[in-house]
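Just below is one structure, and these are the notes that go with it.
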Amino acid sequence: MDSDEGYNYEFDDEEECSEDSGADEHEDDLELGEVELVEAGLSGSERAGICGEGGGSALGPGPGGEEEEDYRYEVLTAEQILQHMVECIREVNEVIQNPATITRILLSHFNWDKEKLMERYFDGNLEKLFSECHVINPSKKSRTRQMNTRSSAQDMPCQICYLNYPNSYFTGLECGHKFCMQCWSEYLTTKIIEEGMGQTISCPAHGCDILVDDNTVMRLITDSKVKLKYQHLITNSFVECNRLLKWCPAPDCHHVVKVQYPDAKPVRCKCGRQFCFNCGENWHDPVKCKWLKKWIKKCDDDSETSNWIAANTKECPKCHVTIEKDGGCNHMVCRNQNCKAEFCWVCLGPWEPHGSAWYNCNRYNEDDAKAARDAQERSRAALQRYLFYCNRYMNHMQSLRFEHKLYAQVKQKMEEMQQHNMSWIEVQFLKKAVDVLCQCRSTLMYTYVFAFYLKKNNQSIIFENNQADLENATEVLSGYLERDISQDSLQDIKQKVQDKYRYCESRRRVLLLHVHEGYEKDLWEYIED
């Protein structure tokens, strides 16, 4: 291995990767570049072009949108993340004095916990440590250099492709296994691009578990896209292992948000994506991360399909095939060719004792029949309840997508108004109204998740009243904004829009404050699903 003392990565000017270390004691000494203030309570990213992008440190809003507390964070670029990573490696190397790429592998093995690495490093068993980390102790004499005794002009076969090349065309790791550079390049490219491996790429020799160091990878790969992918992969664990760092969940965004303490608070990336730092989902006030996670799982898995089957079908009492009733008669005949059982849909008993009771079962009140019917009714009620909340959740989600498209329409309306002797400041009420509308849609969407898991009590009734009031006002505001605004109706509609979005803001604040008050005073009781 040709080990360089430096740890240099050159990032593509047009693309970035990201990574960050633990709670870095010396992070204040790093030049993190300029940061911007971000209002974390604003709505989604689609307003680019009307609203500016966010980034840098932020003031976190209170539950109603007001800035009740500081929740500061930084949005870090690839270079800034790499600075943190290199600084962490440098701090460790000041003590253990190994090549930087070896130290990076050691830190990765210990999930970037410097204290754990130091403790193991000085416990007196270095050979065991390096063996566990799958690297050769750099203090040992290199077997690779001992083997380089052939003349560079003498050809030798590669043990992968079996083609002959000069000795100078071969390279390897400290384990002593050498292969031609072409095979190395193709091997590394396959591992990085197709298998998504970065920090755990081992020597291609059969049975050898020695890891490929970063300098070797960067030296043997010539494709800049593969290098960039590798940079993303090796730094990923750096972010994932640090509770103060979180990747932006937006597709193709490689920024990282760094906070001073982890919490379920809204943060906004420079790309415009606002998300919950705790769970990484879109900001979901007023529902807590725990319940949102359960809701998403419930929506994604087949549990509701099972509920529908339980509510609308029954099993044949003989062969247990699932049967759906498609007529009014209770006389059921199993269509399974190997069964053909005849039974009563109501009590699931054999049909023969029923005589002429084609539409009514006189054994309806028997314990077994009652238990089966009660179970079916419970399943049906659970399904109907789920569909009630799910439909409203999805409706607001769909409306929110439509509302985001309003930004483009509003921008056009604002430009038209300015051409009719209105100033820029006079038309800003439209943008503000769409901002409020999107905030209300998002809040309403997540109130239905909150309500789904909420047990009924006096406080839940107040919550539902607040929810209904906000929902009605939001629909009225949406209707105002979708109207065609003529010059004659401008002043009238302007007053209505301003009054309504201010009312929506107020009602949204009341709803959120009530929910958060319930959290603080432990007023809410939940249905465990």
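Each residue, glycine too, has its Cβ placed from N, Cα and C.
Of the given residue ranges 158-208, 362-412, Swiss-Prot assigns the label zinc finger to 158-208. Which of 316-347, 444-475 counts as zinc finger depends on Swiss-Prot, and there it is 316-347.
The least crowded of the binding-site residues Cys208, Cys271, Cys344, judged by other CB atoms within 10 A of its own CB, is Cys208.
In sequence order, Cys158, Ile160, Cys161, Pro204 are the residues of the chain that are 6 or more apart from Cys183 (Zn(2+) 1 binding site) and have a CB within less than 8 Å of its CB. In the three-state DSSP scheme, Cys248 (Zn(2+) 3 binding site) falls into the coil class.
If you take the Cα of Cys203 (Zn(2+) 2 binding site) and the Cα of Cys271 (Zn(2+) 3 binding site), they are about 38 angstrom apart, rounded to a whole number.
Here the Cα atom of Cys289 (Zn(2+) 4 binding site) is found 50 Å from that of His177 (Zn(2+) 2 binding site). Looking just at the region 'TRIAD supradomain' (154-365), the mean pLDDT is 85. Those residues of the chain, other than Cys316, Cys319, Cys334, Cys339, with a C-beta within 8 angstroms of the mean position of the Zn(2+) 5 site C-beta atoms are Pro317, Lys318, His320, Val321, Ile323, Arg335, Asn336, Asn338, Lys340, Ala341.
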